[in-house]
C-alpha cells in the first residue's frame, strides 16, 4: 500500500482548494479523513506551519508557508519526515509555478487544475523511490522536526475546529517559523558587527546624555531621541538580516530613513566622518538585507 494517499494545495486565508491529486480510495475511514482534512484547511490560520492530525488508520499532515499550504493524507506507517519532505516539495513546485497575485485572485475551487498532474508525479516519486535515494533530504527535514516538532492534533481537535463539539476552549498555538534564508555571507557578518557597534555607540551616548539632562530644557529630549531611535533601527536591521519578515523592503527603507535623519540631527555633536560612518553602515546593512533571499529549493527528482 502507498504511504502517501492524497495531497492537495489550499489557500491559507480561507482554505480554498487550489489543486489536488487524484483520489483512488473510497473507504469509510478514508472519506472521514477527507472530511477532517477539509475542516483543518478552513482553520489553518490558527495552527503552526507544520502539524499532524492522527487517526486510527490514516494521518493528516499539513505544512503552510505564506499564502499557500499543502496537505496530505498518509498511512500511519508513513514517517513524518517523508510526509513533510513531500509537502515541502509540492509547496516549492506550486509557488515556482504561480505567483501570489494569481493565488490571491483565485475565486473558484481547483482553479489550478493543471497542477494536479505535478502533485501526482511528486506523490508517485515519494511512494516508489526508496528512502535511501532521498536520504539527504529526509535527514534535513528530520533535523528541522527535532528542533521544531510539528503540533500533533487529535480527532477531537479537528471536531472542535469545526464547531462539532461544544463547551471547549478553542486552541491557540504559536506559529512555528518555517522560512529558510540563504546562508549568511562574510560581508553580511561584517555588516552585523558594524551595525551592533553603531547601535552600542548610539545607546551609550543616548543614556549618558539622558543621565545629565534630567533638569535641562526640552531641547535635549530631541537629541536623546536622535541617539535612541537609530539604536532601535540598528537592532531591527540586524533582525531583518537574520530572519525573514514580510514587507522587508518597506521596513528596510524606514530603518534607513530613521538612521539618516537621526545622524543629520546630531550634526554638531558628531563630526562629518562619524555621520558618514553611521550612514554608510546603515546603507551596507540595507543592501545585505535586500539581497539575502529565501533559499532556493533543490529538488531530488525531475517532474
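Glycine too: its Cβ is placed from the backbone N, Cα and C atoms.
Small disclaimer: the values here were computed from a predicted structure and weren't measured.
Here's what TrEMBL has on this protein:
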{"type": "DOMAIN", "residues": "8-119", "note": "domain 'Longin'"}
{"type": "TRANSMEM", "residues": "184-204", "note": "transmembrane segment"}
{"type": "TRANSMEM", "residues": "224-242", "note": "transmembrane segment"}
{"type": "TRANSMEM", "residues": "249-266", "note": "transmembrane segment"}
{"type": "TRANSMEM", "residues": "272-290", "note": "transmembrane segment"}
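Tertiary neighbourhood of the transmembrane segment (184-204): same-chain residues 227-228, 230-231, 234-235, 237-238, 241-242, 262, 277-278, 281-282, 284-285, 288, 292, selected by CB-CB distance under 8 Å and a gap of 6+ residues from either end. This prediction places the mean pLDDT of the domain 'Longin' (8-119) at 88. Counted with DSSP, the domain 'Longin' (8-119) comes out as 48 helix, 29 strand, 35 coil.
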